[in-house]
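Trainee: Handing you this structure, nothing more for now.
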Amino acid sequence: QKRGKRCTGESEYETPRQVLVRNRRVGVVCRLIQLGVLVYIIGWVFIYEKGYQSTDTAVSSVFTKMKGQGYTNVSGNEKVWDVADYVFPPQGDSSFVVMTNYIVTEGQRMGRCPELKGKHNCSTDADCEEGSFKRTGHGQMTGVCANRTKTCEVLAWCPVEDDHNIPDPPLLMSAENYTLFIKNSVTFPLFDVTRSNLVEGINSSYIGKCLHDPEDAPLCPIFRLGDIVKLSGFNFETIARVGGAIGIVVDWTCNFDLHLKHCKPKYTFHGLYGNPAETDKAKASVGYNFRYARHYMENSVQKRTLYKVFGIRVDIIVQSLARKFDIIPTLTAIGSGVGIFGVATVVCDLVLLYLLPKREFYKHMKFKNTNTYAKLPSTTEKRQNILQHVRFPMV
């Protein structure tokens, strides 16, 4: 049976020849390979990878809002902290910091004062190069060695900050009860579908009383900060002391072959950076912190209050993948699967031609050589050959 032909040289060409081989071992190998290909196409391509669907990722927007109050009493100085005090930045971004601990340096003004011990020690003025800066210092050196502290004098905000003693326990342990509201909307442009994490059944009355729980309330968009830390694998008091980072992943994996109401978000929590174990205390850099200052004028002199803030950085990450039936990827998957069936033919040919004891016989049966220049029988000779093989009945 001719299935095609191809040129193999200037004066030769070959055409496929189909040979029926009755060999049980080769037949079993062929069927096993075909079965494997069939399982791969149906199981992996269509069922697991859903090769019959087209895919799209979402364009996402995230809005956040923190609520809760904190209280501190440092050396008799009582203070109530609200959202405007402990959230940075305050605009409701998808990445923000909640302050849980701090070191405050009050009444700083621009002037000359000695560095802290250990920052730049000195014995004479020659040890303090005037006009130079030290990377870990607080200002520009004046060239004077302070006799009282035996450290270099600097031009800086004075008195300089002393951050060696971090408050323990954290000053804002009340942050454990703060709540976070996440509002997320996603749009899948390919399918022209827009969804919000405030899905069916999530209304104002439900939001007012629910609190997220992976088992009992998995769709509630209100999260307690202490629960977020716990679900991420951290201890709240440990991470609150020196800070850390936590990721909240909002996963939108949707199948639009089903009803739209089945497209719902799933929340997972991951500890990105912090102190999940006591061994972290031995590391070179632990926790998360930054500084900010509140400036004011006092007796026509500019002053500031400096805060070194330790906090929990929250990063909200949206990941998405939507699928829907499409005839083009379906046909592509079927076509590629049919093409893979040719692997069985190639493998069986290799077994027949190179591995079996009768390989020379199979080669002779599979490949037939012809001589183009051989003399072909005439019409008369053909008729005579036919008559020789035909028997006429006796009259």
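Cβ coordinates come from backbone N, Cα and C, glycine included.
Curation plays no part in TrEMBL annotations; they are all automatic predictions.
Copying in the features that TrEMBL gives for the protein in this structure:
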- LYS65, MET66, LYS67, THR179, ASN289, PHE290, ARG291, LYS308: ATP binding site (BINDING)
- CYS113-CYS158: disulfide bond (DISULFID)
- CYS122-CYS145: disulfide bond (DISULFID)
- CYS128-CYS152: disulfide bond (DISULFID)
- CYS210-CYS220: disulfide bond (DISULFID)
- CYS254-CYS263: disulfide bond (DISULFID)
- ASN177: N-linked glycosylation site (CARBOHYD)
- 26-47: transmembrane segment (TRANSMEM)
- 333-356: transmembrane segment (TRANSMEM)
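Show me how these features fit into the structure around them.
Mentor: Taking Cβ-Cβ distances under 8 Å and a sequence separation of 6 or more, the neighbours of THR179 (ATP binding site) in its chain are MET66, LYS67, GLY68, LEU211, ILE222, PHE223, ARG224, LEU225.
Within the same chain, residues at least six positions away from CYS113 (disulfide bond) with a Cβ under 8 Å of its Cβ are GLU153, VAL154, ALA156, CYS158, PRO159, VAL160.
The Cβ neighbour count for CYS254 (disulfide bond), using a 10 Å radius over every protein chain in view, is 24.
The 10 Å shell around the Cβ of ASN177 (N-linked glycosylation site) contains 14 further Cβ atoms across the protein chains shown.
For the transmembrane segment (333-356), same-chain residues at least 6 beyond its ends with a Cβ under 8 Å from one of its own Cβ atoms are 21, 23, 25-26, 29-30, 33-34, 37, 40-41, 45-46, 51-52, 362-363, 366.
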Trainee: Which value in Å gives the longest Cα to Cα span across the ATP site residues LYS65, MET66, LYS67, THR179, ASN289, PHE290, ARG291, LYS308 as recorded?
Mentor: 24
Trainee: What number of additional C-beta atoms lies within 10 angstroms of the C-beta atom of CYS128 (disulfide bond)?
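Mentor: I get 22 for this one.
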Trainee: Report the member of CYS122, CYS152 (the disulfide-bonded residues) whose C-beta atom has the most other C-beta atoms within 10 angstroms.
Mentor: CYS152
Trainee: Find, among the binding-site residues listed as LYS65, LYS67, LYS308, the one whose Cβ has the highest number of other Cβ atoms within 10 Å in the structure shown.
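Mentor: Selected residue: LYS308.
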Trainee: Is it possible to get the count of other C-beta atoms within 10 angstroms of the C-beta of ARG291 (ATP binding site)?
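Mentor: Around the Cβ of ARG291 (ATP binding site), 13 other Cβ atoms lie within 10 Å.
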